[in-house]
Amino acid sequence: KVYVACQSMLIVLVGAVPEYHIDQEGIPASRAELAKHIHFADNFTSIVTEASTSWYLIEQEAYKVSLASSLFFAGLLIGNITFGPLSDKLGRKPVYISGLFLDVVLGYVTALAPNYDVFAVSRFFVGIVNGGMALVSFVLTQEYVGKSFWSFTGSLTNLTFAIGIAAYALLGYWIREWRYLALVSNSPGVIFLLLSFMLPESPRWLYSQGKTAEAEDVLQYIALGNGKERLNLKLKPCAGTSRNDESTPGILNLVKHPVLRWRTVILMYIWYVCSFVYYGLTLNAGELRGNLYLNVALSGLVEVPAFPLCMFFIEKPWSGRRKTMTCFLIFAGFACIFTMFLPTNAGLLLSPSLLALCGKMMVSAAFNIVYIYTSELYPTVLRNAGLGVCSMSCRFGGILAPFVPSMKSLSPSVPFVVFGISGLSAGFLTLLLPETLNKPIAESLEDLQSAKYQALKNE
């Protein structure tokens, strides 16, 4: 997630616009002529400061910076659609490692791009493999441990994303040349790739596919790694794989299955809002007044308190997953809306920037919970497909988010009002979902209909 955060936030610093002035009179004959008269401040470089006219990204061409960011999120959308079902069919580990390998290769293409077109296209393909790989790695992490640890591992995984944002800001502070920054921030992926070969396959996925002997071997491996003695372990065959004549459950089951249909529709909207508000406020860090690197670092560090709050509330019987996520989304919505009532010069304690950071903390908490919550709402055979579809919808939010800050030309508070209304609507919709705290996890579609599962679910 540290590596994923660096790739996700790359455009915030690599696409930042330094101060500049144009020392010419009249309208130049060509873009090349105009480029000779542009003088940028020399405190850092970005794709905007590239001397080549093919990179000309100011004035009428400034939208291309946001476009490159949106292309990345469009890639995430495609990656979420394709990698989820692939990992459900081929396995978590091979799909994850393949995605990480391509992510690293394409990351270097981004850093060495000779022109804007190559840069933008590489960001699109980085988004595909980055989003797909990140989704599969999250599911793989969850399936290594028992359900009682899912809230902990899910929160810890997402916490490292916030740390990655702060680490990227620190790298940007020390490395002011954008190509070197892109190269350095991409290089940890090589280390993570080599370490990933040591990981075993998901025992839950193996079990859901009827490979009980291989699942037992992985569980023994994990137990020995935890310092346990060799266990006398024998798994019962999974109910969903006992009939070999049936085809593997596919993504269409999310629509056809009555239990999953409305659950998927509601989750898709909640994921969309979480992404829209989260990335809107995160990418807006580069638009805030003050030190660029401090703003980016704070946008990551402000998420850190959200995770212990999540851990505390989602494990309490009186709050659980559903009520906690509802409250965080509603609080995030109100924090964004209240910014319209504060003057820009009201001071630190009452500044819109502080409320925006509070909104970022609340929505990051909700984003953390929705990963855990969604994992528990889908059976193992469709968990990655379900997460993939929900992540796909959330990428629409990421695609739109880079353009929302430009709405401040209407009024400085308009972007925050849009984020606020979205957060409130998603918060109330969450109440339509079932609670999953201390409830059973379905392994197959048959489990969703079994009398035992329904009895445990309703307790």
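Using N, Cα and C of the backbone, Cβ positions are placed for all residues, glycine too.
Nobody curates TrEMBL annotations by hand; they come from automatic prediction.
These figures come from a predicted structure and were not determined experimentally.
Among the features that TrEMBL reports, domain 'Major facilitator superfamily (MFS) profile' is placed at 9-438.
If you look up TrEMBL, you'll see 62-83 (among others) marked as transmembrane segment.
The transmembrane segment annotation in TrEMBL covers 95-114 (among others).
The transmembrane segment annotation in TrEMBL covers 120-140 (among others).
Within the chain carrying the transmembrane segment (152-174), a Cβ under 8 angstroms from the stretch's Cβ atoms is held by residues 1-6, 9-10, 13, 44, 138, 141-142, 144-145, 181, 184-185, 282, 293-294, 296-297, 299-301, 303-304, 306-307, 310-311, 364, 367-368, 371-372, 375, all 6 or more beyond its ends. Marked as transmembrane segment by TrEMBL: 152-174 (among others).
Using a Cβ-Cβ cut-off under 8 Å and counting only residues 6 or more beyond its ends in the same chain, the transmembrane segment (262-281) has close neighbours at 73, 254-255, 299, 325, 329, 332, 336, 356, 359-360, 363-364, 366-367, 370, 374, 377, 386, 389-398, 400-402, 404-405, 415, 419, 422-423, 425-426, 429-430, 432-434. Annotated transmembrane segment per TrEMBL: 262-281 (among others), in sequence order.
Long-range Cβ contacts of the transmembrane segment (293-314) within its own chain (Cβ-Cβ under 8 Å, at least 6 residues beyond either end) map to 5, 9, 12-13, 151-152, 155-156, 158-159, 161-170, 172-173, 281-282, 285-286, 320-321, 324, 327-328, 357-358, 360-362, 364-365, 368-369, 372, 437. TrEMBL lists 293-314 (among others) with the feature transmembrane segment.
For the transmembrane segment (326-342), the list of distant contacts is 270, 273-274, 277, 281, 306, 313, 319, 350-352, 355-356, 358-360, 362-363, 365-366, 369, 411, 413, 416-417, 419-428, 430-431: same-chain residues at least six beyond its ends, Cβ to Cβ under 8 Å. According to TrEMBL, the feature transmembrane segment maps to 326-342 (among others).
Here TrEMBL flags 354-373 (among others) as transmembrane segment. Using a Cβ-Cβ cut-off under 8 Å and counting only residues 6 or more beyond its ends in the same chain, the transmembrane segment (354-373) has close neighbours at 138, 142, 150-151, 154-155, 157-159, 162, 267, 270-271, 274-275, 277-278, 281-282, 284, 288, 298-299, 302-303, 305-307, 309-310, 314, 321-322, 324-325, 328-329, 331-333, 335-336, 338-339, 342, 348, 387, 390, 416, 419-420, 423, 426-427, 433, 436.
Proximity of distant same-chain residues to the transmembrane segment (385-404), defined by a Cβ-Cβ separation under 8 Å and at least 6 residues beyond the stretch ends, is recorded for 11, 66, 69-70, 72-74, 76-77, 80-85, 88, 131, 135, 138-139, 250-251, 253-254, 260, 264, 267-269, 271-280, 283-284, 370-371, 374-375, 377-378, 415, 418-419. Here TrEMBL flags 385-404 (among others) as transmembrane segment.
Sequence annotations record features per position, and here TrEMBL assigns transmembrane segment to 416-433 (among others).
Among residues of the same chain six or more beyond the transmembrane segment (95-114), those with a C-beta under 8 A of the stretch's C-beta atoms are 3, 7, 10, 79, 83, 86-87, 122-123, 125-126, 129-130, 132-133, 136-137, 140, 179, 182-183, 186, 189-190, 192-193, 196-197.
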